[in-house]
Amino acid sequence: MNALLYDSLPLEVVAGVDEAGRGCLAGPVVAGAAMLPDSADLPGLTDSKALSEKKREVLYPLVRREALAFGIGLAWPWEIDELNILQATFLAMARAVAAMRRPARLLLVDGNKTIPGHALAAAGLDPLPQRFEIKGDARFPNISAASVLAKVWRDRFMVAMDRRYPGYGFAEHKGYGAKPHFQAIQELGPCRMHRRTFRGVRAEPEPQRQFGLPGL
């Protein structure tokens, strides 16, 4: 990708893409995609991880209102277990892009990788020009907007899952590896929202006892 391409394109045709929940033990990995106009009025918008929950909740409807287009995509825990978390994240990102109501001419993807062609194809998309941006969620408003969309949507989903699967504390830790979450898994076992291939959820093998050779 030409490093000057973004500068030569108007903001309105560039979509930011980011994810939330990649490191969780439970719940989907969720991605957001957003295209913003130059006139977007989103005071305080930055990386969702740097914002309080209250501020994210304030920004969420504003992003949806101000965006020219936005999309949310996810990959379910069983897809994560089947594909691995990296490939599932790419799939969620591609689904978020596909959910936008207008096409982008360039994707700015937070992180150090772009979305591979097979993930775009799985979401029904043709290849798209892309550029990855390390810490882009703190530097590009369209990525920041995507970050807020993904984080708030996912947090709300995990609160709903707390009602469906009581006892795990999803409303508090949102599926991350908090100590009470590990304890709940030990006591209750994993539920449908858990990622069975993740350490802390999967059953660890018992250590093998070492036996000496018998005396002959």
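All residue numbers here begin at 1 and follow the chain in the order shown.
Just so it is clear, glycine is given a Cβ too, placed from its N, Cα and C backbone atoms.
Caution: TrEMBL annotation is automatic and unverified by curators.
Copied from TrEMBL, the annotated features are:
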BINDING   Asp18, Glu19, Asp110  divalent metal cation binding site
DOMAIN    12-210  domain 'RNase H type-2'
Starting from each candidate's C-beta and looking 10 angstroms out, tell me which of the binding-site residues Asp18, Glu19 has the most other C-beta atoms. Asp18
Cβ-based neighbourhood (8 Å from the centroid) of the divalent metal cation site, residues Asp18, Glu19, Asp110 excluded: Val17, Ala20, Ala31, Gly32, Met93, Val109, Gly111, Gly136, Asp137, Ile143, Ala146, Ser147, Ala150
Enumerate same-chain residues with a sequence separation of six or more from Asp110 (divalent metal cation binding site) and a Cβ-Cβ distance below 8 A; give 'none' if the list is empty. Gly16, Val17, Asp18, Glu19, Phe132, Glu133, Lys135, Gly136, Asp137, Ile143, Ala146, Ser147
Coarse DSSP state, helix versus strand versus coil, of Glu19 (divalent metal cation binding site): strand
